[in-house]
Amino acid sequence: MSAQSSQNTVTKPRLWTRNYLFTLFANQFVCLSFHMLLPTLPLFVRHLDATEDIIGLIMGVFTVTALGIRPFAGRAVDTKGRKVIFLWGAAIIVSSVFAYSLFPVIPFILTFRLIHGLGFGLSTTAVGAMVTDFVPNSRLGEGMGYYGLATVISMAVSPAVGLFIFHSWGASALFHVSAFIAGLGAFSAMFVKYPQKITPRPNEPTSFFLEKNAYLPTVMILLVIITHASIIAFVSLYADSLNISNIGIFFTLYAISSLLTRPVFGLLSDRKGFSYSIIPGIILTSTALIVLYFARDFSHFMIAAICYGIGYGGLLPAFQTMAVRKASPARRGAATSTFYCGMDIGSAFGMIACGFIAKATGYSTMFLLLVIPVLLALLCYLFLGRDSFKSQQRLQSLLGKMKR
């Protein structure tokens, strides 16, 4: 028995390779650079006497160009190469962020923000495909779980660091540091080595910009990301309306919970199946939204943060793994861009729609209504996937074990 175990350990595909590590570093630096500007760029633009609608426009056009470039980025990543597209994207990020400090005038800032979005769309699509090239299929869930930690870590660290730099040394120093960090992402990618060019299978539709095998997980993440966008945008305002202070701890707890559980859910997806990540993820995400509906004090927000961090931490890597697993290696760029398009659309729609809902019904009712898209994502998983029958079997087995 022990000999067999030892043999399994030896033959287990290796995850922590040089290429995988440097791909993680490249992604981490791009994320750190991006999140550093989220709370600080609006402050900088306000200092230029911009009104709220102009601030919103400058922040929003980034998503528009990032979303618009993704289908073309997916095609380019599959035909021109992951690494070269990432380097182009990172170079655009470095140039546009550095330019913020050189031309501090609203029309120029708006222009550079548009260009920044193009670079971000190119680089994130490319690195999302790169990482799948270096993760064994049998460990794809685990590998994508670690890959997804970059966003969590940067959300936990970068905003505070960005605000500190902005208030201590000014906007120019902030933009220089952010550009330098993005440059470190490009530097890390230089150490990624591709042994051979990935070529498409015969008769494979490489001319198509989106990957059909990624449609279902893309729809599911679109539904779930609506809730994530609403929490990012409105939980602070909700807490303020209840006279609850120190709500920043909400995001810290969310980040820590997600950070600790994503690798675990990745392993469960690989060894037990997606149901062991998606079902608990849906339950915990819904629980968090219901807790926010009933929230009246600080502790309720903290419980919601932990539940949402764990739940979302299970759902995102599972959906992303589903999106790329059925795609051929030559189509994983298209699969990644398809998946990220769903995230971009869901985020934009969530912030806009939830703003109207909150105005009409209040924050608490808005969070309760957000349970609906989460449950729709669950129905999509159970009944619209090719493995829906298998998914229902796993669900019954999981519920049976919970009852025992």
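Note: Cβ is positioned from N, Cα and C throughout, glycine not excepted.
Marked as domain 'Major facilitator superfamily (MFS) profile' by TrEMBL: 19-389.
With a cut-off of 8 Å between Cβ atoms, the residues of this chain six or more beyond the transmembrane segment (20-42) that come close are 55, 58-59, 86, 90, 93, 97, 100, 120, 123-124, 127-128, 130-131, 134-135, 143, 146-147, 150-151, 153-155, 157-159, 161-163, 165-166, 171, 174, 177-179, 181-182, 184-186, 188-189, 191-192. If you look up TrEMBL, you'll see 20-42 (among others) marked as transmembrane segment.
According to TrEMBL, the transmembrane segment annotation covers 54-73 (among others).
Feature annotation from TrEMBL assigns transmembrane segment to 85-109 (among others).
The transmembrane segment feature in TrEMBL is assigned to 115-135 (among others). With a cut-off of 8 Å between Cβ atoms, the residues of this chain six or more beyond the transmembrane segment (115-135) that come close are 15, 17, 19-20, 23-24, 26-27, 30, 34, 61-70, 73-74, 76-78, 82-83, 85-86, 88-93, 95-97, 142-144, 147, 185, 189, 192, 194, 198, 320, 324, 329, 332-333, 335-337, 339-340.
The transmembrane segment annotation in TrEMBL covers 147-167 (among others).
According to TrEMBL, the feature transmembrane segment maps to 173-194 (among others).
The feature transmembrane segment is assigned by TrEMBL to 215-238 (among others). Sequence-distant contacts of the transmembrane segment (215-238) (same chain, at least 6 residues past either end, Cβ-Cβ under 8 Å): 247, 250, 285, 289, 292, 295, 301, 308, 312, 315-316, 319-320, 322-323, 338-339, 341-343, 345-351, 353-355, 358, 363-364, 366-367, 370, 373-374, 376-377, 380-381, 384-385.
Annotation source TrEMBL lists transmembrane segment at 244-261 (among others).
The transmembrane segment feature in TrEMBL is assigned to 273-295 (among others).
According to TrEMBL, the transmembrane segment annotation covers 301-319 (among others). Outside the transmembrane segment (301-319), and at least 6 residues removed from its termini, the chain residues within Cβ reach (under 8 Å) are 141, 144-145, 147-148, 152, 217, 220-221, 224, 228, 231, 235, 239, 244, 247, 249-251, 253-259, 261-262, 265-266, 269, 274, 277-278, 280-289, 291-292, 295, 339, 377.
Residues or ranges marked as transmembrane segment in TrEMBL: 339-358 (among others).
Residues 216, 219-221, 223-224, 226-227, 230, 234, 238, 274, 278-279, 282, 285-286, 289-290, 292-295, 315, 354, 357-358, 391-392, 395 of the same chain lie 6 or more positions beyond the ends of the transmembrane segment (364-384) yet place their CB under 8 Å from a CB of it. Among the features that TrEMBL reports, transmembrane segment is placed at 364-384 (among others).
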Top Cβ-contact partner of the transmembrane segment (244-261) among 54-73, 85-109, 147-167, 273-295 (pairs under 8 Å): 147-167
Positions on the same chain near the transmembrane segment (339-358), where near means CB under 8 A and six or more residues out: 60, 63-64, 66-67, 70-71, 121, 124-125, 128, 210, 214, 217-219, 221-230, 233-234, 237, 319-320, 323-324, 365-366, 369-370
Segment confidence, the domain 'Major facilitator superfamily (MFS) profile' (19-389), expressed as mean pLDDT: 86
